[in-house]
Amino acid sequence: MPKRKRTAAEALNPDPESKKLLPQKRFYRQRAHANPFSDHALDYPKSPQNMDWDAHYPAFAGTGRTPEFADIGCGFGGLMIALAPLYPDVLMLGMEIRVQVSQYVQDRISALRTADNSHQNVSIVRANAMKFLPNFFPKSSLSALFFLFPDPHFKHRKHKARIISPTLLAEYAYVLRPGGIVYTITDVKDLHQWMKAHLEVFPLFEPVSEEALRAEGKGNIVDAVFRSTEEGQKVERNKGDKWLACFRRIEISRS
Amino acid sequence: MSISHFPHSLLLFSKFGTAIVASGHHIQSVDTSTGTVISSTVNASDELKNSLSKSGPIRFIAVDHSWKHLLTLCDDKKLKVWKVEGLELLHERELPKRPTSASFTADGQTIVVADKFGDVFSYTLHPLPVEEVPPSQPQEDSTTTVPNVEPEQPQSGSKRKRKSKKPKRHENPPHARDSVDSHTNPSGGTLVLGHTSLLTTFIFSQDEKYIITADRDEHIRISWYPQGYIIESFCLGCSQFVSCLHIPKSKPNILISGGGDPELKVWDWLSGKLKFNIPVSDCVKEYIKVKAQPYVRKKFKRGNIEAADGDDDGEGENEEDRNPRGEADLASVPLSGTNTPTVGDSSAHDEETIVVVQNIETVEKEGKLFIIFSVVGATALFTTAFPEAPSDSLTIHAFDFGHPVLDFTLDPTGFVWATIDRNLTEGSVSWDGRTIPVDPSYSSSSSTHPPV
């Protein structure tokens, strides 16, 4: 696709003063994929106890709160930005492996915090969630995990790099508390079927319908999952389909 | 070339008075009281010897509790199961990825294998009847952990065709785009669990209700067995890879781990809590005589070691292996004391000694527990008392053999048996395995040491 030229109007009227603080995506260009298996120069805590959440959420320092929502592969952070005002007491953490993109989210959050003191409850780490999720979150510490428009990895050889796989689901179940919800959404039907199939057969997850979630009062989350992410908005612009699949963490006892 | 040129690199000891040693790509069983070789694959048929040498050096051996079956893992993706008596190769199975570690379950009927892709599969002791077809015929393939996959009839058909043409190249048959199978296994293994990083080792808890897996990215994971999808806890806090795990017999709740960290770590594994650190690095360093060759990317390596002219394939990951094809590897491993000039600008790395704990055992003596461990490239075995309190200051004793220790094991009476590499001492230059002949008898290359 050719580069979109700035329209004359855009050129004449630069961003209004209020938006000046916000980072601009065009300065954070990055290719869409990162290899989750290679050794990136990552900074991760040795264990969850070594994680200093106060630095991430200064407004909550000393409260002992830890993140409850994790957006895996948060991209440009649209979901968290949308959810933050809806759940002001819930800490949310985005994880993103791409340097530029995570930097963008970082700058976006600090801009929002400085501008109107909002979004104190969201933060971002540059991390490889496939490898180091248990380094950040203790057992049963999360109530929601989001996998929104993940990299589809179309080729069969690349399926092992998909963020949902039978072996990785064990780690997601480990960090989720019983009753916690996994939200997945994608515009790629094959990937949707893949994620659904693996989550359905995984013994620690049971499917939960969109209606059931809305009945529980999680409708605003579902709406945000559908519409708030940059990727979701792009799909909407292109009039593509979106497939949602949500699952609840259940407990099973040792027979 | 005779086997005797290779040191015995792996050692197992039974309560039945025999030991099994692996040397290069051969295995031998040895009478431990006389040192005579009972049986050896050196005397096997040419066909078997050929296939053994193709498989490369043996990386891992394990025996079941009743000492009936033996498994070996080599550099290829094969799981070989042997009868211990007479060292008869029963069968070999193809594995999905290159294995790193394996174990029999207590009943000896299941083999669990960890691989370089981070997955753990379990296999029945003997292959399922379906797979007992001659290797020339196509095998039923693509067992998957997800039961509701579409029938794969067309795929196995196309695979059949490809197989007959180029049996080696098409390991992955074409898959439908919407296929949901994730962990295909050529030998019908059951997926137990998986990490995203390479698995280095694993052990079972004593009641075999848990499996403890360790990977190169500092994780020690405690999962249920056989329900490996349920994670009980993680033992987190290592800053380097983990390479060995041990649970003392008398303390089933304790896990001792070692790896690239400068200390051994003692965990309460069920809760994942770190109990003690046992600093070992300082005491151990002076005994490390064989040093790891720093990883150099292949293209740089090529140019620099042209003189050595080996078919170096850039896989010198286990510097203690002396394999015939790795001449270049050997030539370029720096030896402290000789200052052998080595690859390019790696001299800076020579100064740095990397401690890699290779094996940990514990032995009880007079009611006290002692830890025995070996370190890659060191000429000594090390022992220390098991700490009772974090404040205990521990002294580490070293038993110096003067030659690098390759492996060690405990016999039921509490004796420590070690294999050492007599080809190599500090200052010895000609240690390419050809120039110094070694007496092939077992006792010459191993020695006993009373515990502590």
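The backbone N, Cα and C atoms fix where each Cβ goes, glycine too.
Because TrEMBL annotations are produced automatically, they should be read as predictions rather than curated entries.
Among the candidates A:L148, A:L199, A:L204, the residue that TrEMBL annotates alongside A:G73, A:E96, A:I97, A:N128, A:A129, A:T229, A:E230, A:E231 as binding S-adenosyl-L-methionine is A:L148. Recorded residues A:D151 (active site) and A:E231 (S-adenosyl-L-methionine binding site) have their alpha carbons 11 Å apart, per Cα-Cα distance. The sparsest Cβ neighbourhood within 10 Å, among the listed binding-site residues (A:I97, A:A129), is found at A:I97.
Residues A:G73, A:E96, A:I97, A:N128, A:A129, A:L148, A:T229, A:E230, A:E231, recorded as binding S-adenosyl-L-methionine, reach a greatest CA to CA spacing of 21 Å.
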